[in-house]
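Copied from TrEMBL, the annotated features are:
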type: COMPBIAS; residues: 74-86; note: compositional bias 'Low complexity'
type: COMPBIAS; residues: 169-186; note: compositional bias 'Acidic residues'
type: REGION; residues: 49-119; note: region 'Disordered'
type: REGION; residues: 167-196; note: region 'Disordered'
type: REPEAT; residues: 427-469; note: repeat 'WD'
type: REPEAT; residues: 470-504; note: repeat 'WD'
Amino acid sequence: ERNKIYAEICEAKIDSEYFEEKIVQTFSGAAKTKEVQCETITVTEKGMMVTPWDLDNPLDAPGTEPAETEEPESPAGTSSTSPPAGEQGQAGAVPSATASSITLAESAAPARSPEEQECHSGAILTSAKLQQDLVVMERILMENIFQPKLAVYRQIPVLIEPVVTSATEVEEDEEDEEEKQEEAAEPAEGPAEGTGPRLELLWSYRCDLTRGHSVSSMAWNKVNPDLLAVGYREFVSQGKKKGLACCWSLKNPMWPERIFRCEHGVTAVDFSLARPHLLAVGTASGHVAVYDVRSRQDTALLDSSASLNKHKGPVWQLKWVEQEGGATAGDKEERLMCISGDGRMTQWFIQQRLDCSDVMQIKRTESEKKKLPGERERKSEGPISQQAAGMCFDFHPKDTDIFLAGTEEGHIYCCSCSGKEQILGTYRGHEGPVYKVAWNPTSTDMFLSCSADWSILLWHRDSHTPLLTFTSVTAFVHDIKWAPQSALIFAAVNEKRVEIWDLSVSIFDPVLSCAASPEGNLSSLLFARNAECLLLGDSCGQVGVWLLPSLAVPSTDQVWLCSECLGSFP
């Protein structure tokens, strides 16, 4: 019906005096050239001739032999399959047909069985070339997904792809932007509530393997600042889940580069400085293992299971320390130091096997309680163990022979590795186990300590009483770290939130406090080495990378004045 209407319109136009037929030459648009880089495509030509005699003997029939087996029995001129005399003109095509069938039989590949096809596909999937290609593809995908976040982490401009739009769309976008600016300007007239520095989450290191574990410790590689080692243990000590030590890279925040499975929960990890490929791991059972991160195997390079002096309690912290002890004067040798719940501070030697020797044994001390008037003297009850459980330690940033050791009793000992007197001083101020101690990297006479008594204490090396006490919430303070760019800024995590303290601004309240883990409790923290970021580990097995706000870095004179004032306190 529509075609009829169209034909009627055309006929009406022909009879009309206004209808003119003209020829117009249009210009074809310029051809566009688009280059694509790919591997060279190889092209081969193959051909064959099929005759009626080949159709009589199909090659796909099982158990049939090729046609060339019958050829020697009769010559080509007296073949039983030769055409009749009336078709002598086609007699010359018979030998060529036989030859073509032979060529077809030789070139045709036999069909593979399902078992052979599975073996062939398995060989392809396990080939090294495919694995390398998959790694390259994975890197490309991760870069496309996390490029804006990684650019912010690297402090470089974020690449924004230009969007080609028409003139009308541009005008509409400009109108929308003007409306948004007007709406944003209206509430700005009143006072803004809750304005202040806040943390911004860039990404989180997490996967299915780490789910249900708690982050116990984190350590950066000393040479590669993009390689992070994280130790995991079960959140509730039930002995059901095994420990993990994973190496994460910025190139893939969704899956670890190396996975080392341990029989017990991992409590401490640290990379070596002299040999950056060695990763030391301490577990809750007291074992110490050294892994080679260059290898993809899960087995440990060295293990303390065969050592007679191995720890009998959890290894709460370990660290590679350079100390003088080389062959020549002034030469330094790297040693692995550990502190354990059995009250021993040990150093481990990496030889044909992993063995250790005791640096010191932490003895229990009686708490100094004042006797009330009229109170009778009680008989001293013998402790269950003469040794106090060690929880943490930290070596002096300039003198590696001096270190601090925190105990479960709440005491902090200043100790020396050399000399007869190992304990140089005792600092009493905490009412619960000391979880972390940290020397100030700039003002080396000051150090911090955090405990289960909800407090953070600032100490001076020459004073056995704390200079300052920081308490904001009633929760265990699990970890503390000094900021690498300032001597007056430190971060702390408790079960509920993360806090940033700036002593040049206030000693009563933190300059930043926020709940960074809504799903679980925070357990550890670590400053990034080459970025203004803070890493926070929680009890759900994820490590969040948070962008720090721009905090004012005090000048050198301000740091010196503050240190002098703190050092002059009684």
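Using the three backbone atoms N, Cα and C, a Cβ is placed for every residue, glycine included.
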Distant-in-sequence neighbours of the repeat 'WD' (470-504), which means Cβ under 8 A and at least six residues beyond its ends: 197, 199, 435-436, 438, 440-443, 448-452, 454-458, 510-516, 521-527, 529, 534, 536, 548, 551-554, 558-559, 562-563
The repeat 'WD' (470-504), counted residue by residue under DSSP: helix, strand, coil: 0 helix, 18 strand, 17 coil
Counts of helix, strand and coil residues, the repeat 'WD' (427-469), according to DSSP: 0 helix, 21 strand, 22 coil
PLDDT averaged over the residues of the repeat 'WD' (427-469): 92
